[in-house]
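Chemist: Attaching a single structure in structure tokens format; questions to follow.
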């Protein structure tokens with residue numbers, strides 16, 4: 001049993017990392033907005049989905065004008081991801097301006113329901129457009145990175161099996177890690193980042209220190225949504241098939257990741273996302289081996305959520321969260 | 001302030017009145033525009049959602065049968081109409097539609113559903129309303145095994161489709177080690193179980209039996225597990241949205257073995273999602289290739305001309321099912337001296353059909369409502385192109 005688990009481990013790690021970085025970047029969008037507004041922005045999963053669709057649209061346009069064959073795939077990919085993230089960034093900012101700002105002083109529950117409403121709205125708008133243009137809302141994108149890479153992990157340790165993946169995995173991993181590092185730098189080292197942290201700590205006091213709170217919140221939504229949209233493009237590159245509902249399950253899992261890492265904490269969201277992705281993949285690959293067929297791979301989500309519950313019992317603020325003293 | 005309230009009261013009242021009158025006018029439709037009595041045929045299939053391609057095909061097939069026979073009914077003084085319902089492949093939606101259909105007295109029969117999971121609860125409502133239902137595609141055994149009087153189907157049952165697939169996999173493809181993936185729905189797991197049991201009996205070794213969640217896109221965990229067991233065939237019980245991705249992710253993991261699935265992979269979307277990976281994929285289908293028979297070619301051409309779409313697997317069954325229903329209604333009308341028959345008479349007439357020549361195969365219902373002549377067809381994708389090539393027809 002153990003031999004089997006160890007043998008498949010390299011492949012599980014490769015697959016788990018792919019899923020994990022996607023969860024991680026989406027989780028950041030949840031955590032940033034929560035940190036600053038104490039609002040769970042349920043529309044964030046749909047912003048991720050819109051990013052995937054915008055990216056696919058740009059990709060299809062580029063390939064129809066013959067641009068794809070004339071430039072290297074990586075350049076086309078950069079163009080696509082930049083366009084998609086800017087577009088979704090403005091989309092997120094617009095949603096904040098139209099749907100959340102008027103409700104900023106309303107009870108939290110009302111904003112939460114609004115967020116759920118916005119997410120349904122986005123799903124159906126995208127579905128409508130996709131169906132209008134292609135006749136089918138499951139859209140397949142031409143794959144950009146197709147070379148298969150054979151990682152000889154068995155030569156490191158004889159117990160390991162080999163891992164096999166597509167080059168798109170490397171692209172997803174590297175781009176996601178770059179995004180995580182840049183964001184961390186942005187939040188912790190720049191003036192805007194400092195303003196964001198100040199608003200997150202105490203909105204009113206921050207406004208007294210001549211910080212334009214509305215602007216900071218807009219920027220937060222822009223950055224979070226742009227990251228979400230870019231992840232949508234990564235998702236499209238990795239899996240090649242998207243539909244308007246991909247944001248729902250993925251959004252819930254990313255939100256879970258944010259809670260696991262301690263909601264409001266950016267580094268926590270990163271770690272939480274990677275953990276959830278790896279756990280899920282590990283469970284899918286090994287659950288039936290561990291339980292001798294009593295529980296199949298279909299229980300993988302229960303496995304991941306059981307660990308979440310266990311963590312929250314012993315550390316209710318999440319792995320990286322700080323216990324907040326209630327302000328009097 | 002007061003005037004505002006009065007205005008809002010009046011507008012609300014007007015709105016409510018509008019809704020009520022809207023309802024009543026749609027229910028009053030028992031007499032058509034030119035004084036003819038209206039007979040409505042309802043289709044219930046997913047027109048949106050993951051299996052919309054298949055659901056749409058059923059609707060269009062029915063539409064074609066109805067426009068073919070509109071004139072014959074007009075001669076007898078009836079106006080034949082189609083009312084398509086979207087069940088969204090969702091049992092709750094299917095049942096609430098069924099209740100609506102039940103209350104519309106001019107509907108005499110239902111063509112649908114696509115999914116067994118929707119058919120089973122919805123048919124309970126049809127039974128209460130004595131409404132005949134003919135499903136072109138619901139394959140689960142429970143659809144007819146409950147012994148409902150109104151439930152019929154023209155396709156084969158899962159407990160035949162699974163074994164037929166297993167027979168082909170073990171005897172023709174010589175598969176010894178088989179890995180099975182299913183999607184936890186009534187359809188997917190029913191099919192996968194039937195396949196598993198039959199394959200075991202035929203001497204194959206089942207090296208894994210795993211489930212996935214519908215709506216997800218990453219199945220690398222399960223596929224990786226399959227790869228580590230080194231099977232020589234993967235069987236998937238589920239629908240194309242997940243099936244296409246599993247095929248693709250299996251090929252990415254270097255699994256170039258045959259992958260086999262059920263009739264729900266029989267869609268152009270499978271090819272669209274899986275792309276080149278779709279080569280060496282087999283599927284068992286309860287619907288045959290219409291272009292293999294002369295009548296089918298004609299049907300495919302007419303279908304293309306009418307809707308500007310290629311025939312999907314269930315187009316011809318949608319057409320046949322509607323044809324049978326209309327034949328039953330016609331004979332019920334004749335029995336009733338040319339007057340509008342009751343729903344009960346129609347559903348009895350449907351069950352008595354023993355020898356209807358459909359486009360691909362004959363239809364004759366046994367006392368449970370299953371088609372005695374149903375066949376299972378095995379298809380293979382040789383290149384990334386839909387439709388797949390028919391390999392073999394297996395009958396009982």
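Cβ atoms are placed via backbone N, Cα and C, with glycine included.
Automatic, uncurated: that is what TrEMBL annotation is.
Annotation source TrEMBL lists transmembrane segment at A:20-40, A:47-68, A:74-95, A:107-130, A:167-187, A:216-239, A:245-263, A:270-290, A:302-325.
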Chemist: Count the CB pairs under 8 A between the transmembrane segment (A:302-325) and each of A:20-40, A:74-95, A:245-263, A:270-290, then give me the winner.
Modeler: A:245-263
Chemist: For the transmembrane segment (A:270-290), which recorded stretch in the set A:47-68, A:216-239, A:245-263 gives the largest number of Cβ pairs separated by under 8 Å?
Modeler: A:245-263
Chemist: Taking a Cβ cut-off under 8 Å, which residues six or more beyond the ends of the transmembrane segment (A:47-68) line up next to it in the same chain?
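Modeler: Same-chain contacts beyond the ends: 26, 29, 76, 79-81, 83-85, 87-88, 91-92, 95, 122-123, 126, 129-130, 139, 141-142, 144, 225, 228-233, 235-236, 242, 244-247, 250-251, 254.
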